[in-house]
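Here is the structure we will look at, set down as structure tokens.
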Amino acid sequence: MTPGRTAVHLGTSSSAPADLGRLGSFRRPEASRISAAAPSGVVLLTDRRVARRPLVEVVTRAVGGGVRWVVLREKDLPRAERAALAAELRAVLADTGGTLVVAGPDPLDGDAVHLPAAGPYPPPAVGLVGRSCHDAAELARLTTEDYVTLSPVFPTRTKPGYGPPLYPDGLRNLIENSRVPVLALGGIETPDQVRACVEAGVTGVAVLGAIMRADDPAEAATTLGGAFEEAVAPGSRSRHIPAEVTTRGLRPTVPTQGSSLTARSGHGRPQPQPRRRENQ
């Protein structure tokens with residue numbers, strides 16, 4: 001991760017495996033080819049409408065719990081208000097060398113974007129580019145993107161009807177044919193779910209409700225982050241996750257009401273939203 005820059009965000013459907021034939025030229029990236037700037041670990045997506053505390057407070061606590069990548073959504077805000085919020089969050093992340101991800105087409109003085117599956121193609125020439133994908137056909141359209149999100153992995157009550165879910169098996173099938181690092185997105189709330197996603201091959205997990213709605217965002221971030229670190233550690237037993245974890249028994253995400261690489265004082269370019277599904 002390069003200090004002084006900011007990043008942006010992120011979606012996939014159960015029909016993905018049937019489209020994998022279109023990706024014959026894809027190869028899973030060698031470890032040496034994975035960008036150091038690509039999001040990893042627990043990536044927090046914001047939504048002030050479901051947060052149980054003021055948004056900046058939730059993010060501050062989550063960063064205290066180990067989060068280093070934050071995706072700023074809040075696309076309904078006026079630009080000036082959203083830009084001010086982005087600056088605040090960059091300041092929060094700056095002390096830890098974290099990354100602010102800005103969702104939407106406006107960079108808000110940043111240098112990284114996360115684009116929707118719908119476009120534009122090719123992506124803009126900025127420091128870091130992410131793309132929301134939901135199936136093999138969308139993966140096949142990638143050009144110069146640095147990473148993608150695939151969703152929904154699990155059922156999510158945050159967005160009823162969003163899916164159908166990939167589950168870890170479907171996620172794995174798509175990851176094996178992705179030329180860029182992948183973040184898992186959708187309904188990820190428990191350590192078992194995090195471990196299942198790591199086993200499938202992700203470089204990180206994108207989380208919204210599990211932290212935004214938490215009574216203690218720091219504790220939630222620490223719990224999920226700890227599960228991720230354990231799963232990626234040498235000798236990890238994550239490959240022995242019970243089969244039921246990959247298909248059932250996983251509580252969906254529920255809402256409540258209510259990054260970019262760290263910029264100097266906050267430079268991070270945003271991302272446009274996914275065409276079919278809004279970043280979770």
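Quick reminder: no glycine exception, Cβ is built from N, Cα and C everywhere.
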Message = Looking at 1-22, 45-66, which stretch does TrEMBL describe as region 'Disordered'?
response = 1-22
Task = Within the domain 'Thiamine phosphate synthase/TenI' (43-211) only, compute the mean pLDDT.
result = 92
